[in-house]
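Asks: Dropping the structure in here first, questions after.
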Amino acid sequence: MWDHEIRAMASAHAIIAASVFMATVLPAAAVQGFSVYGTHLLWLYSVSGAVTAVSVAVFWLLGITPPTKKHTVGYKLSRLFRSCLYFFLSCLFFHTVVVLYGAPLIESALETFSLSVLLTSLTTLRCLCVLGPNVQAWIRVFSRHGAMSVWDTGLQITVACTLVGAWIGAFPIPLDWDRPWQVWPVSCSLGATIGFLTGLVAAPAWIHSHRKQLTYKCK
Amino acid sequence: MKKLPVLSLLLWVCAVYFVGIYLFVGGFLLVRLEVNRTSTCGDVLQPGEEPADFCRVRPRFRRAVLLIIDALKIDFAWFDPNNTSPRPYENKLPVLEETVTSRPSHSRLYPFRADPPTTTMQRIKGFTTGSLPTFVDVGNNFASSAILEDNLIHQFGQVGKRVVFMGDDTWENLFPKKFHRSLPFPSFNVKDLHTVDNGILQHLYSTMVGEDWDVLVAHFLGVDHCGHRFGPDHPAMADKLTQMDGVIRSVIDRLQNDTLLVVMGDHGMTDTGDHGGESQKETDAAIFLYSPSPLFPGPPTQSEPDVVPQTDLVPTLALLLGVPIPYSSVGQVLLPVFPPHGQTGGAVGGLSQLEALWINAKQVNRFLETYSGMAKDIPPESLSQLKSEFSRLSSDYLATVRDGRPPSPRLAASLQAYLTSVRATCRATWARFNPLKMAAGLAILAFACLTCFIVSELSLVLIRESGPGLKPPVAVAFIAGVCVAVVQIGKQGYVEASWCLAAAALSSELLFLWRARRYRAVPVEKNGSKALKSPSWLTPRRLLIPPLLVPLLRCASLLSDSYVIAEGRAVTFLVFSLALYIPIHLNWDGLLLPPSHDPLKAAGFLPSPALSPSTVRKESGTLLACLGVLVGSLYLSLSFHACREEQGSCQPSPFLSPLARLQDNQLKNLHYVLSVLSLGLWTYLLKRCLRHYGNLNASSGAVFTARWILPLTSVCLALHWAVGATPEDSFRNLSELIGLAQLALPRAAFCLLGLGLFLIWLDPLTVFIKPKATTPTRGQSQTPPRYRASTGISTQAELHHLIPQIYQRMRRSLDDGEQVVGSEVDSSPAVKAYGLGTVYSAPLLLFCGMLGIGLLLLHPEGMALSFLLLLLEMGALLHMHASSTTLRGLHGTFSADFNVPWTPVVLWSLAATQFFHATGHLPTFPSIQWGAAFVGFPDGHTGTVLPASLVTLNTFASHILFSVGCPLLLFWPLVREVRGSRGGRACGDEGEDAVMEMRLRENPQRFTAALLQLATRYLFILGAQVFSSVCAAAILRRHLMVWKVFAPKLMFEASGFLVSSVSLLIGVALVLRVDVAVGGWFKRLIPEASR
Ligand SMILES: [Zn+2]
Ligand SMILES: [Zn+2]
């Protein structure tokens, strides 16, 4: 039914996934001693940056972002400002949640905040791209009948996969294996990234296989 | 309401669980009583009965060196010159073989067989006491790990030998302050192969050349740690063993003539490098004896033992070094080191074989008599056999000595046989896992969990008595138990109760399950709403929902030592996750936000249009606010945790130490004020809640408790803390008064608590009726209440009509304010009842609150904060559950059942575990708060029952509170029922008023079913946790951490289950008691109102 959109989504996801890989591989060539564990924060910010830039570009090019009603520069600027604000607020929100989940409060605040930046760029940013800075719409999307387009469904799947990935990523931390990836927050950010990549693959696949059952209200 | 089926079903389920736990624990945990008597030099054990001082005889050796190489398996010690390509662990200790061949009368190498459990601590205990240490050595040292039983180190100290120790710091814990000099090194880090060994090597040789020692003990850990880390088949093991070879060589070079060298392993290891179990690879270590002066009469002969049991080291060493044999030793002297009779001239001051055997036999017989006087676990028939055997031998021996004739070799052999059979008897009693019992326990527990799950699914059918009843299973259980008993009597002559119980439990479970299979289709016909799910109640789709996934994760986490160590945080993590799931799931179903938010959406999508947007917004707000409270208390509760020794960089909570121990006065005052504030808040919140629902108006026992006893107890508690915190030297003249207060205040609190709980039980109704003065006249003019037309209608039907009426009136008067407002409209009711809407939950809440204060009394003062968090979290959970029930519209219609879904039940049970940790407890024995036994009894106790129960109450405080409060989950959605929400839909003239808990009385069957379901669901989750920790102990019984982590965890989980299930039964029984009282109240009301 929405073959065209599914194809568009698949290619957009492929590009975003590629950007994650590039963000892992390119700095390794450029920066001395770069590794996912060793210089974890560097990798983390490189992935967040890449995903942010590429998603914004892709969704803007595809024209998914809800059309603005007014075309004045001022309105656009305020929208941009609001988006940035939401981005930052969402970082704080994730930081709080992660701390409440048991992350150290003071000792590794930078690591925790970096993880929340990564989570924000993998989840909130996509909400911003697809739905605009509208929290009510975000909440609405995450309900059974809340999705109004293929993109909304894709958003649901990737966000859920990312968060579940980060959640599962916390499991190995208490184990006494002494591996480099058990250090906070490596396993969580790896989990989130792997979850995100899984979501990128799963979303078009799931939509494709369920295209008969899916019905959307028009926007 | 049917009380009996509920209680009997719950009792049956609990009993089955208990049998499973009992069987498993009986097969897994080896228990032995410690004999706390010591041998002395003056003991009459010498040959010939003449009293001679043991210790003055000049012994064979003046000094001894004990080199203990942890996990020195016998395979490591053999040397095979024909082996051209040895494995990393083979042929690496050539020094042993070289010495044995070159100096056969100076040295021997034997396999050295340890008794399970083959863990280092138990083994050290074993080869110093000569006994068979088990996991639980019940004695007076339960709190510390120090050995109080008579042992070699103690005996050395008694005769003035200077014992120098170096190596594994376990020794330092086992023998605190017993060594002349001690150099312990940390043994905890298994990955560290060299710290301990290098530490020893730095000091070993210099100590040996010095004269400042008589017995030198050096315990090397490298080989064991290498095994744990790499396994035996690894080049690192070759290096380690080669190093040990060098150590032994250097030690032999430095030995003097009067010194005995013993090189030994404490246990072996499996092919993966682990130990703890009973396989031959784990039990067979090596022992190598050497002395520069001739030790043995000659080269090895045929009569030499193939294997030396580990217990034999103790009597041998004792007699060689001239100290008394430790009292509880069951070992047998190693005969080859003693010269045969008549050849004693060569070795100065030594004993002959027969003399040594005789001393040994007398000592063992003395121990056996003492032990059998204390404990009854040795089978009586073998005991009497051993006794008669000893008296025969003793008369034989005495006759031989008296006559002065050469002893027959038969006598020595039968003395040996006697000692061997004593040890075999003891071992059979103490030191053997019983895999059959363990398997039976596992099976019973597994089936019990399944039964519990099925009972919870079929609760309605069971209550309607159309389902599988309880009578046939119980009958079958009885028959099976009796059959097994009869068979046992026929075959063995005596009855072993555990197997009868096992047969009974298993057969009744299986019969119940078999009968339940047929009944699973019943609800389809009975109840339309259940038609969809009932046929498939065991499909993965229904079981793999997050609320069941979380307990699954929890159970899985019990199988890993890391997660057990980090249990407190792991459980908090799970609680937080599941709590977040509630709003997310609600939002997913589109129920969190009012539908008006999205006008485009068709109304048909929303399953619950009944709630107005403002109600939805209010309920969602409550839900999120309670989530906030929950998360906040979860986060704060993390700061009340204690620390395990395995958690390296952990700081125990400052609130855990009693106030009296705080030095800083300001800090002390702050802590005191905080604790008293929390206590006050606890009391205030409880009273506030009761007053809010109009439960404080009546004049019943429960209300009296709430009004007077509860605050009075709190005051007692606060005073008690104040007295306890006063520094002893500041009020010298008041010391007597303080002592009295320390005794009297907690006892007064205990008495008040007992009185309060008793009053609640006796008179639980908190309903206040106010009949109107004008009732008789008004009754005529009014439309006659329907219960007046009682002639011809059964009481049941009357009640059915009566309730809403009374209730409606009561509610209306409540609306007007707490107190009665004078003016009533004409249509106003004849009777007003206050607090009827919370008639069930109010006593339960009060009961929990009183219990909470009592349990707080047993904790350190600072824990008051944690208890307050517990109350807040309880409240938040209840409110979240109520709000989500309202939002889901589950109680939308009168026909709805009152089922409590899995999510709140799981949260409730996880919160119990979470607060177990947040009240400063840990599943380890050293962390038990023994101070609780002395609250109110500062001078100690005479019996053991009272202190044990006080400590139990302290340890499982949160389990008790949450289990007793469990039925609140059923009531809270009704208590918090949204009034007027279904005004449009309410049928007939029952009005727009909410009926709260009276709804339960309208539907007694569903009420009973829901109560049963709730209780069995809670039991299921608890039982699943017990099952998984039982599995952990069974599967991982070879694990390095089994006696440190898994076995204590199993004990705590099992006793926690016991305490929880009993408390749950108390909670359910209280609800049933209230129900009886309510029934009686209505009966009394009817004649009164219809007058
Ligand atoms: Zn060991
Ligand atoms: Zn070991």
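Each residue's number is its place along the chain shown, starting with 1.
Yeah, the Cβs are placed from backbone N, Cα and C, and that goes for glycine too.
Annotation comment: TrEMBL describes B:7-31, B:438-462, B:474-490, B:496-514, B:570-588, B:621-638, B:669-686, B:706-725, B:839-858, B:865-882, B:956-975, B:1056-1082 (among others) as transmembrane segment.
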Asks: Do the transmembrane segment (B:496-514) and the transmembrane segment (B:570-588) share at least 3 Cβ pairs closer than 8 Å, excluding pairs fewer than 6 residues apart in sequence?
Replies: no
Asks: Which listed stretch (B:7-31, B:438-462, B:570-588, B:839-858, B:1056-1082) has the most C-beta pairs under 8 A with the transmembrane segment (B:669-686)?
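Replies: Against the transmembrane segment (B:669-686), the leading stretch is B:839-858.
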Asks: What else in the chain is close to the transmembrane segment (B:1056-1082), if you only count residues 6 or more beyond its ends and a Cβ gap under 8 Å?
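Replies: Distant Cβ neighbours of the transmembrane segment (B:1056-1082) are 1, 3, 6-7, 10-11, 14, 17-18, 21, 760-761, 763-765, 767, 799, 802-803, 839-840, 843-844, 847, 912, 916, 952, 956, 959-960, 962-967, 1001, 1011, 1015, 1018-1019, 1022-1023, 1025-1026.
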Asks: Hey, which bits of the same chain come close to the transmembrane segment (B:7-31), Cβ under 8 Å, at least six residues off its ends?
Replies: 116-117, 134-136, 138, 377, 430-438, 440-445, 447-448, 451-452, 455, 462, 470, 473-474, 498, 501-502, 504-505, 508-509, 1012, 1015-1016, 1019, 1023, 1026, 1030, 1033-1034, 1037, 1047, 1050-1051, 1054, 1057-1058, 1061-1062, 1064-1065, 1068-1069, 1072
Asks: Mind checking which residues reach the transmembrane segment (B:839-858)? Cβ under 8 Å, same chain, six or more beyond either end.
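Replies: 679, 682-683, 686, 689-690, 693, 695, 702, 705-706, 709-710, 713-714, 717, 720, 746, 749-750, 753, 756-757, 760, 764-767, 864, 867, 870-871, 874, 929, 932, 935, 950, 953-954, 957, 960-961, 964-965, 967-968, 971-972, 975, 997-998, 1000, 1067, 1070-1071, 1074-1075, 1078.
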